[in-house]
Structure formats: C-alpha cells, structure tokens
C-alpha cells in the first residue's frame, strides 16, 4: 500500500507539445517583416511604399535599381560600365567565390550602379551603392565606376548625385581599396572646381572609408531618417575615449543637429527634394509645394 502511495506521483503525465507560432517562417518573397516593429507586410505593397514600414515608418533598405527608378523620369536612366567586376589583386582566399555568390544573390556585378538619368527634365549623373553586395564595401571597381561617372559629369557639365550605403573599405583588396578614398575625392575636386553641383545622399548604413571620403563632401549633404553614419564603431570609440556616448550618436539626426548634414529627408520626399535642388541649381522655377 505504501509502495503504491509513493509511486502515484512518479507516473508520467500525458501532454501535447505545442509549436511556438513565432518559429513559423514567413513565405519567401511574399511577405516582409519590419526589422524594427516586427510587423509583417505584403512585399509588393511595401515596395510600392518605397520600402517604408506602414506601421512604424522605418526605412528598410532599397535596392540600387529601385532607388534609381524612384528618382528618375521614366525610361531616362542609362547605365554606365555594366559588367565591370573585381579581380583578386592580393589572391585573398575565397574572395572570387564571395563575389560570385553576391552576384548570383543580387543580380549586380558590383556594389555600385552608375549612369545618367533625368529628373524633371534635367539630366544628371548618378551613383547608387547597394549594401546587399559585400555590404556595399568599396573596392577597386566601386572606386573606378564612381570616378568614371564623376569625370563624365565634369566633362559634360552635369550635376552629380551619389547615394552611399557601405560598411567601408573592402578588406580583401587591402591598400588598393583604401586608395579609392583619395581617388574619388580627387575626381570630386575637379567636378567642384568646374562649378558643378554634387549632392551626397547618405543612407543606412554608411561607415568607414566611405563616410570619411566622398559621402561627407557634398555641396549639399542629405540623409534618410535614423541612418547609421560614422567612421569607427560605437564600442571602439567608447573604449578609446573611456566615455559613454549619447544614445543617438552616429545617427542622421545627431549629425544634422551638429551641422554635418543639411537635411534629413523622408524617403517619400526624396524625389521632390532632389528635383527642387536640381531646378534651383539650373535656375528654373521651383514648385513651392515640393
């Protein structure tokens, strides 16, 4: 009897395992989850809203071609230097495989798309970096393509718009990558000396050698809301100076407050803002409602 009493509590309980609904995967390509508020949206509707979250207004990344489409008159974009790809000058192990993988994943040849287009009937040169490709890192091809489009704009007296999105210099190309900082800056100096307009449009994230070169030297520097902009990482800086940094440090709003940006522009106002600037520079009448 006592044996049965003690064994009574040792019997296994019957239960059913319920799967956590949070582990269910969202169908690939059909839905997109906002990385900030976690709201799930139809990818098509999100794309039509320029990848701006309907719920929290977070600006998700925008591909290079989608951004060009958003700021160009229909059918006016002409791409330059398509097909230019990186070599492996330092014989860095696995570099070619990583480049090929990113090409297959993104449909891009490199981390920047360049060319000319028109906005409001005004022709301009454009370069748009795409962080999906090697985190938008700047190697020899990125630097060369940017220099070529800047030099074209200088020769043909065109304004130039550059959208940056980058983790910095590409480590697999070593000093050749770092050289692109000076190389692109020289091309921009020639463009500036010719009295031409350069608009730097900084998007999330823009760090390292890109933030320390062409991204920061526009005649007009714009950015998207909450974009991460900086050189070294937050933790590195705090450990170096032994101080706690402000919570909004290295954000677009922080840089605007400290005079390093001219304006933080919502993506829905991107096209109208750029068109107004181009028209002012061309001496044309600007729509006051823009």
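Glycine is no exception: its Cβ is also placed from the backbone N, Cα and C atoms.
Per Swiss-Prot, the features are as follows:
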- 34, 37, 53, 56: Zn(2+) binding site (BINDING)
- 30-290: domain 'CoA carboxyltransferase N-terminal' (DOMAIN)
- 34-56: zinc finger (ZN_FING)
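Listed in sequence order, the residues 35, 36, 38, 39, 54, 55, 57, 58 complete the 8 Å Cβ shell around the Zn(2+) site centroid, once 34, 37, 53, 56 themselves are left out. Figure note: comparing Cβ neighbours within 10 Å for the binding-site residues 53, 56, the maximum is reached by 53.
Counting residue by residue with DSSP, the zinc finger (34-56) contains 6 helix, 4 strand, 13 coil.
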